[in-house]
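Undergrad: Please read through the structure below; I'll follow up with questions.
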């Protein structure tokens, strides 16, 4: 049997028989490797990530497909660009943009060795602002990143930073299921308090991780550390951390304090962070510096300037779109025809009528209400789209319960599927 991807990823001796030449390994993961690759067509560099699907559980495979979907749906200068993906012989290949200056974790460790060489305030601010712009784009497109950490912040020689690796780890869903210790290969420094407490999470969990990362950029160390998970959890829930260096302004340090708030209902959204006067002023300075940067293309400048201009012209009141995380919203209603995937050995899709009303999901055989089955929204963990490559059907969404049970439904259209997911998320207080 031929090696997987032999016509796509080859070595220097492959000649014109492949699209990319493998130039060497740059990373190792639980299920495979990442390589620097060179395009045979134009000589440009990219990253080829190869994963062994045979070693993955069904959940891990869903995470891999989710990463592909998230990357493919993103088009932003501060997010690693998706190029293509292929699957052969139980192997998955994802080709994506190459960042030529390593990652932020490496940079922090390098600066922190010996006498710490702190970032200058404008350097730290511009790093943070670019990550905020990336996260604003992700959240505005109804996605979560779920794995924000310094190792996933990639650096380039142009000065642009790029967010990569969308939530391929087990981090959030497994933590909610209460299996933190057996899941993490490392200590979950960036995990939000609501996840340690096994509560529902939403985009505010990404914001917490962003706050931890900002502290790390400014302080050259993580705000919370301990010798074991129990100790780390205690520190995170207490919200105590060492003061940041005096080389940073009090206004900048207050941004960290404002983000690392234990209650997600009191934690700002990214849009609310942009309204902080210090950050708002920083955005204007960032645009000025961006326009003068000759290493960045005009097309990229235009995208970022347009986004910042929209942010600066918008107003977000503190109570706008406010909701309580984990509080059931009894005012949410939605109803319509769906197909439901049955359980057992003979799984099949059956037409059903689904509705959300008075804090309950009610499933019946038909619109007349025959054979009703109810589920309190208190028992619902979340809802999300299922990729076609996984469901083998269009417009499928999954509903996950607090007890770990999953149910799949097929909507009548893509728009209908999005409405169902959003309605369920609003009903359980996470959207």
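Yeah, the Cβs are placed from backbone N, Cα and C, and that goes for glycine too.
According to Swiss-Prot, the record shows the following:
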ACT_SITE  147  active site, proton acceptor
BINDING   26, 27, 28, 29, 30, 31, 32, 33, 34, 49  ATP binding site
DOMAIN    20-279  domain 'Protein kinase'
DOMAIN    331-429  domain 'PH'
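If you look at the structure here, what lies around each of the features I listed?
TA: Under the three-state DSSP scheme, residue 147 (active site, proton acceptor) falls in the coil class.
Around residue 26 (ATP binding site), the same-chain residues at least 6 positions away in sequence with a Cβ under 8 Å from its Cβ are 34, 35, 36, 47.
Within the model, the domain 'PH' (331-429) shows a mean pLDDT value of 86, rounded to a whole number.
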Undergrad: Below 8 Å Cβ to Cβ and six or more residues apart, same chain only. Which residues does that give for residue 28 (ATP binding site)?
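TA: Within the chain, residue 28 (ATP binding site) has Cβ neighbours under 8 Å at 34.
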Undergrad: Using DSSP and three states only, what is residue 32 (ATP binding site)?
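TA: For residue 32 (ATP binding site) - judged by DSSP and reduced to three states - the answer is strand.
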Undergrad: Please list, for the domain 'PH' (331-429), how many residues fall into helix, strand and coil according to DSSP.
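TA: Secondary-structure composition of the domain 'PH' (331-429): 21 helix, 44 strand, 34 coil.
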Undergrad: Enter the number of other CB atoms within 10 angstroms of the CB of residue 34 (ATP binding site).
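TA: Within a 10 Å radius of the Cβ of residue 34 (ATP binding site) lie 18 other Cβ atoms.
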Undergrad: In three-state terms from DSSP, label residue 26 (ATP binding site) for me.
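TA: Going by the DSSP assignment, residue 26 (ATP binding site) falls within a strand, counted as strand.
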Undergrad: Taking only the Cα atoms, work out how far residue 147 (active site, proton acceptor) lies from residue 32 (ATP binding site), in Å, as a whole number.
TA: 18
